[in-house]
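Working notes, structure below.
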Amino acid sequence: MSSSNSRVHEEQPPTENRRYARPTAQMNRVIEQQPRRRDYFQNNDNSGRRGYNRHENNGNAQDVVRSHYNARPDLGYKKRQFSPIIQLKRFNNWIKSVLIQKFAPHASDYPILVLDMGCGKGGDLIKWDKAGIDGYIGIDIAEVSVNQAKKRYREMHASFDALFYAGDCFSSSINELLPPDQRKFDVVSLQFCMHYAFESEEKVRVLLGNVSKCLPRGGVMIGTIPNSDVIVKHIKMLKPGEKEWGNDIYKVRFPESPPRSFRPPYGIQYYFYLEDAVTDVPEYVVPFEAFRAVAEGYNLELIWVKPFLDILNEEKNSETYGPLMDRMKVVDNEGHRGIGGQEKEAAGFYLAFAFEKRGI
């Protein structure tokens, strides 16, 4: 959410004419869509209010999450460079940049539109600008974060149009959140936020229904979530009576004895701490195979999934993403590409995924 999405965001300010190299092999599929104008959003006031019927949430965990992210200050780029987890923030931003470059369309004959669910403070706006998109809508449950995202967008002089809304994509239909002319996108992004939907089956189905409605055939849903396989591995390593694991950077704590299985796959709550980012906030396990199976029922087919550290090992020396690490200053304590120490263990808690919309 306000991590939305990015639990941790960090990157350099944009510079003119700086674009990441764009791989072409990823985008051989045909995306069905209606003709769109370049000024898709220009008839709106960017207030984030048009067409949005405010959804009041009564869930206690949801209120805690919203309050947590609303309370986090937007420190600005320079102050963020002094974060005690700056290497982790840079690494996570590199992961998201890789994900965007691999799966966001790179077409030039029609506008590319993005829906960022759980956009937070707008930490991915620069990434989308570099991807050459034409339109962007960000939605987040934390109203303060949405206002900070609007401010960041205004100050960055982006090459794309954007609107921001305060709303809950996990509890409200997209028809309640967005007006009719703002409900079709080429990419839906869910960065460091989808685990909150797994509080209940209903929320997961509302989310996936919204994603499916927003995407044409060939559109993609991309995201980053905690890796349920890693959670299982740590649970198996716990001694009787132990309920948590982690290090000085991050901690995972179950309120009761950790479950030995993830059935049913919803409502498996734990508390997450990440230094300088998340303070003991309730989150939910996302059993990945259950997620994949439910997504298929909404015509969303898994096309790619990898743990963060596997992405690092596979891409750090590639022609495209290796130099990107250098530019984003993603280096360990010895100056090598990557991440080390306790921050590496924290990064290993996550995976990235991509689904493609099939059918209609």
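Just so it is clear, glycine is given a Cβ too, placed from its N, Cα and C backbone atoms.
Of the residues ASP129, ASP161, ASP168, ASP229, Swiss-Prot places ASP168 in the same S-adenosyl-L-methionine site as LYS96, GLY118, ASP140, GLN191, TYR196. Ranked by Cβ neighbours within 10 A across all protein chains shown, the recorded positions ASP140, ASP168, GLU283 are led by ASP140.
Annotation for the recorded positions LYS96, LYS121, LYS127, ARG152, HIS195: lowest Cβ count within 10 Å of the residue's own Cβ, ARG152. Once Cβ contacts within 10 Å are tallied over all protein chains shown, the recorded positions TYR196, TYR350 are led by TYR196. Of all the recorded sites listed here (LYS127, ARG152, HIS195, GLU283), LYS127 has the Cα closest to the Cα of LYS96 (S-adenosyl-L-methionine binding site). The maximum pairwise C-alpha distance among LYS96, GLY118, ASP140, ASP168, GLN191, TYR196, the residues recorded as binding S-adenosyl-L-methionine, is 22 Å. For the binding-site residues ASN93, GLN191, the ranking by surrounding Cβ atoms (within 10 Å, all protein chains) places GLN191 first. The closest partner of ASN93 (mRNA binding site) among the recorded positions, by CA position, is GLN191; the full candidate set was LYS121, ARG152, GLN191, TYR196, TYR350.
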